[in-house]
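Sequence annotations record features per position, and here TrEMBL assigns compositional bias 'Basic and acidic residues' to 1-12. Feature annotation from TrEMBL assigns region 'Disordered' to 1-21, 205-227. As annotated by TrEMBL, domain 'MENTAL' applies to 48-219. Here TrEMBL flags 55-76, 96-116, 123-145, 151-171 as transmembrane segment.
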Amino acid sequence: MNRVPEDAEHAHSSSVESCPSLRDVHSINPAQLVARIESYEGREKKGISDVRRTFCLFVTFDLLFITLLWIIELNVKGGIETTLEKEVLHYHYSSSYFDIFLLAVFRFKVLILAYAMCRLRHWWAIAFTTAVTSAFLLAKVIISQLFSQGAFGYVLPIISFILAWIETWFLDFKVLPQEAEEENRFLIAQDASERAALLHPGVFSDRQFYSPPESVAGSDEESEEKQ
């Protein structure tokens, strides 16, 4: 005799426990998901993310800053024309700064080609440029006689070395992780929108509204008579 009330209570408790899941399902807002997906698609149409654009600007700053320091060094040594002819036409590894300028041009071309034009999502290009820059500058500092030529013998190699490693840090810890996180969010939002479209099919279509059939005249009177 007591089994029937127990079964009723068990069914009632199971229905109560299932209420939060139903609430979670109905709490999905498909309009917000569609807006979020459209925002991500708008970012993709730009072709390049904001953080990657900042990285490209920093690479451009690297080239311009090294060029500025090299021009100042040419003026300090006694005029641009004479010093330029000495460092470029009569280039010598142990006394010229022209190779440091070419190293900055090399970094700029490789990084812009890889991460701006080809939109590479891997660290091998920045690893290659940083390894070449570090090895070249270390060899130049050890072998050459730059330290005997004044302050620029310290400034240009050190700044070039620091800028190359800042570019590596910025790409590895800012650009690539942030873009991967945005891509994961886009995939999650797209998956959620597909599930919401299955759960709420009437939200995405505006043409599903229809009017009820018209009632036949005298139907109410006939129903009353039959009753």
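Residue positions begin at 1 at the first shown residue.
Keep in mind that glycine also has a Cβ here, set from the backbone N, Cα and C atoms.
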Close approaches to the transmembrane segment (123-145) from elsewhere in its chain (Cβ under 8 angstroms; 6 or more beyond its ends): 93-95, 99-100, 103, 106-107, 110-111, 114-115, 157, 160-161, 164-165, 167-168, 171-172, 176
Contact set, same chain, for the transmembrane segment (96-116): CB under 8 Å, 6 or more residues outside the stretch: 48, 52, 55-56, 59-60, 62-63, 66-67, 70, 73, 86-88, 125-126, 128-129, 132-133, 136-137, 140, 146, 152, 156-157, 160, 164, 167, 171, 175
Averaged pLDDT, computed only over the residues in the domain 'MENTAL' (48-219): 84
